[in-house]
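Here Swiss-Prot flags 1-27 as region 'Disordered'. The topological domain 'Cytoplasmic' annotation in Swiss-Prot covers 1-318, 373-397, 476-497, 697-858 and is backed by sequence analysis. According to Swiss-Prot, the region 'EF-hand-like 1' annotation covers 134-144. Taken from Swiss-Prot, the feature region 'EF-hand-like 2' applies to 171-182. Among the features that Swiss-Prot reports, domain 'EF-hand 1' is placed at 194-229, with the record citing sequence analysis. What Swiss-Prot records for D207, D209, D211, R213, E218 is Ca(2+) binding site. Sequence annotations record features per position, and here Swiss-Prot assigns domain 'FAD-binding FR-type' to 548-670.
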Amino acid sequence: MQNPEDHHSDRELSSPSNTTKSNDDKNVEITLDIRDDTMAGQSVKNATKTKAEEAELEALGKNLQKKCSFGATIVRNVSMRMRLPSFKRQPHPPQTFDRSSTAAQNALKGFKFISKTDGGSGWDTVQQRFDELTATSDSLLPRAKFGECIGMNRESEGFALELFNALARRRNITSGCISKEQLKEFWDQIANQSFDSRLRTFFDMVDKDADGRLTEEEVREIICLSASANKLSNIQKQAAEYAALIMEELDRDQKGYIMLENLEMLLLEAPIQPDGEKGLNRNLSHMLSMKLKPTLETNPIKRWYNNLKYFLLDNWRRVWVLLLWIGVMAGLFAYKYVQYKNKAAFNVMGHCVCVAKGAAEVLKLNMALILLPVCRNTITWLRNKTKLGGAVPFDDNINFHKVVAGAIAVGVGIHVLAHMTCDFPRLLNASPEKYKPMEPYFGDQPRNYWHFVKGVEGVSGIIMVVLMSIAFTLASQRFRRNKIRLPRPLNKLTGFNAFWYSHHLFVIVYSLLIVHGIELYLTKEWYKKTTWMYLAIPIILYSGERLLRAFRSSVKDVKILKVAMYTGNVLTLQMSKPQGFNYKSGQYMFVNCAAVSPFEWHPFSITSAPGDEYLSVHIRIVGDWTTKLRDVFSEPSPTGRSGLVADYLQDKINYPKVLIDGPYGAPAQDYKEYEVLLLVGLGIGATPMISIVKDIVNNMKEEKYDHDLEKKTVSGSGRSNFKRVYFYWVTREQGSFDWFKGLMNELAVMDCDGIIEMHNYCTSVYEEGDARSALIAMLQSINHAKNGVDIVSGTRVKTHFARPNWRNVYKRIALNHTDARVGVFYCGAPALTKVLGQLALDFSHKTSTKFDFHKENF
């Protein structure tokens, strides 16, 4: 047998059987599990592959195979096979050897008191921190600094103190300080990877009186400590109830205490399996992992070609739109440049006037074009009623709006600089003979700059530059997102309000632009003054949309049916659905509340489903407008009930009036184009995904009802269109799960066919296996098995800890749905956009499963 140290992962090991034996000897395949410094046998089976397994591997190999132009080959040598003569099953190995293959190995995989460290390289860092923290304390580390020294964050300070106490008790250390030698002993124990050492350390933390027994009160205290470290306030409140549950489970004889072996049993009953790996064939998973392993193309030309090809395949819709736009701008600039090069002004001002006029022509185009991406009704109509969405990236409307704004800023700079630093000085310094052809346009030769500034052209141009500079600055992300902290009263210049109101300065800008275009230099004929021609249609279209919004919101009256304020500062408004308000899941609408601000409209995803008899939105309180909205709706109701968790109707006297406008198209509305969906929501970003899930659930109900009546299903958007829906909701607050608790419970009960997979992640809880969350994991398994309710979310859907391994999520979907096209819809913080988008590209390029990534973009 080969040395297990030659292998670094738990793979199936095999090699040809002994050639000296007869070929008629039966062969078996031994699967070994090698982890760290331990090895255990997992299975003994016939070494001959079944036809099904061969077909499965062959199919995946074909699916993973790409064309030669992509520079990829079939993955070979998935695992080495070792064929041995048949032998009798040997007795089970000793218990310490077999730990690797028990559920405890998975339950305590990574069950560390220090995250992502090891006893070797980690100690050097700990020593360095020790020297820094004890520089003024005679090389003795105080108990209060222990957590900081070993690398725990401040939020785990309480847990670190209890860990210190446990380690000190075992060594009979009674002082509140330790030396470096004692710290090394502590470190060796908490960094020890063996199951028994970790279990003993955790037991010592709970057993505060060191009598070898755990009482119900000690269990309650450690539950409180774990819940506090993981920011699980609800579990803290129910600590006594959960302690009683553990005692009921383990203290069957009602002795009033439990022993170490009872705690081990509890751990064995709560195995942890990394997300994304469940249900994966190990060989297939390894093949895909090898296929996805980054490879560097040595030929720079081929590498550049491959990168360009993938870029064009992934972004062809954006590319052709941008190329068309750039081409039109280049054509207009060249046209004006050549036109003015053949005029008399060229003899005085040279190429400067050509550049200024070329930039001005491009500015006219962009000032017209920038209005089109924000004509939301038009875009929604084109998205819903036409097939243009297949060629035009409507999802990028706001991004294109920003790109055009950048081009306008560049154009203004070129136009102004060309005039101010080149054209005007040349006019001032030209000889009388050379200047004479310019007299019809400028009159007598000017003597200073004031001549150019005081005219209509100069004044209008300066005012436009100032107003656009203000609007552009306040629209930048740092100002709009309140990332810049300014002293009072300048703090009013940041936030959404400043962005919203400053953008209305463009009403003045466009008015001045038309005036500026009429009074422009060097052109007298009216038909050559083309500014108004560029702007006419976009301004009419945009103005019509604003009028339509005002009219529609006043006609479509809504009544508030329900108001609720949830943990995590989320306000829910449930209102009546106006007649004719037809929308799709994933779309959004604008909300206005005159009691907060009569002029402000804010977009929010619709969280109700099209089949519901009401409209609902979930609003996260993050800015000045939403804060005021919460204050308005949280006033005490006339019945005396608290408005923060109120359920009362619109006909109450002091209830604020709400207007809505919409619905508007969004990327998530295209979910019906796919049979397999990956829905990802971060925090409040789950709202459009919830509407999609509700719609699918409603259609499942309709299908079931139709089936019960033995009728043919009428709905075209029902469950039958979807093979699988994966929904990942990641939030950092336990209370967030209350927002959609009813839907999750309903989904867990009725989705018997497993069409919808719900994965909840609470990032405030330390990763599965961390000592600070170990007891939470135990409680979770016990309570879910006994009562069918998750202790973190309070629903039937079990909650995962920390963050998903997104690569494993994609890998699992790619293996489960070969040759499929998967719609990936994401709504949340920008940080995850790049990660999910890049993974979608990687898996689309290297597997037969294609992932189409869509990000919500209001």
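Placed from the backbone N, Cα and C atoms, the Cβ positions cover glycine too.
All features noted in Swiss-Prot, drawn onto the structure.
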{"residue": "D207", "record": "Ca(2+) binding site", "CB count, 10 Å": "21"}
{"residue": "D209", "record": "Ca(2+) binding site", "CB count, 10 Å": "10"}
{"residue": "D211", "record": "Ca(2+) binding site", "CB count, 10 Å": "10"}
{"residue": "R213", "record": "Ca(2+) binding site", "CB count, 10 Å": "15"}
{"residue": "E218", "record": "Ca(2+) binding site", "CB count, 10 Å": "19"}
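For the recorded site, R213 (Ca(2+) binding site), the DSSP three-state label reads coil.
In sequence order, V206, K208, A210, G212, L214, T215, Y257 are the residues of the same chain, not among D207, D209, D211, R213, E218, whose CB sits within 8 A of the CB centroid for the Ca(2+) site. Reduced to three states, the DSSP call for D207 (Ca(2+) binding site) is coil. Across the topological domain 'Cytoplasmic' (476-497), DSSP helix (H, G, I), strand (E, B) and coil residues number 10 helix, 0 strand, 12 coil. For the topological domain 'Cytoplasmic' (373-397), same-chain residues at least 6 beyond its ends with a Cβ under 8 Å from one of its own Cβ atoms are 317-318, 320-321, 404, 541-542, 545, 548-549, 584, 587, 663-667, 669-670, 854-855, 857. DSSP assigns E218 (Ca(2+) binding site) to a helix in the three-state reduction. The predicted model assigns the topological domain 'Cytoplasmic' (476-497) a mean pLDDT of 78.
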